[in-house]
Amino acid sequence: MTDATLTPPLAGSGRRSTRARPTDDQLLDAACAVFAERGFRAATMEQVAAKANSTKPTLYAHFRAKDALYEACLVREASTAQRWLFRRYAEAAQLGLEEQIRADVRAFFDYAAAHPYGFRLLFGAEQDPGADRTRQDLWESVTAQLSRLIGSYVAGQGRPAAEWAARIMAEMTSAAVVSGTRSALSTDAGNRAAAAELVAAFITAGLGRVDPSRMAAAGSP
């Protein structure tokens with residue numbers, strides 16, 4: 001006979017998960033890793049959910065679609081990179097040119113080492129289309145910082161730099177830093193500090209060889 005005093009089980013209780021729901025940041029951590037490793041097109045929401053130890057329904061409850069998740073990853077990582085880099089730029093602002101370039105380059109290398117997935121999403125050699133404005137805004141802010149630094153250096157030689165000239169030098173400097181960082185990430189960690197020093201030396205040597213008169217603003221003495 002059935003004991004009528006037994007409390008019947010709650011409907012569906014056998015299927016109820018005790019797993020805690022992940023936060024947005026935990027889901028974004030997983031998504032950044034998957035997108036960086038596989039690229040936007042090849043990555044799937046199933047892979048992201050598995051990486052986060054979650055489920056597709058939970059993932060869709062936080063982010064409506066894969067492109068929205070990808071955009072959120074880029075926005076978060078760009079914000080992280082900007083905070084990281086510009087805090088270090090501010091700390092080095094009173095240094096001389098060579099020391100400031102060395103500090104700025106090291107800041108970029110340190111960011112990439114601490115946030116490898118974010119770096120690959122934002123500065124990877126093979127970038128997926130979409131959310132280009134997020135990347136461009138970050139690139140513009142970094143290039144503008146370098147342009148100001150180079151302009152100050154040229155002005156210190158007695159000639160104000162033309163905006164276009166400082167911009168060209170800043171673009172080339174940014175490209176050298178990004179390219180050097182990509183290469184360094186493929187080496188063992190013990191070589192990264194040496195790689196940062198090498199890139200900084202390359203940049204300062206190049207700037208030191210530029211005749212300030214070639215960068216002078218029109219009409220400057």
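Including glycine, each Cβ sits where the backbone N, Cα and C put it.
Because TrEMBL annotations are produced automatically, they should be read as predictions rather than curated entries.
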Looking at 44-63, 124-143, 144-163, which one is DNA-binding region according to TrEMBL?
44-63
Restricted to the DNA-binding region (44-63), the mean pLDDT of the model is 96
Counting each residue once, how many in the domain 'HTH tetR-type' (21-81) are helix, strand and coil under DSSP?
45 helix, 0 strand, 16 coil
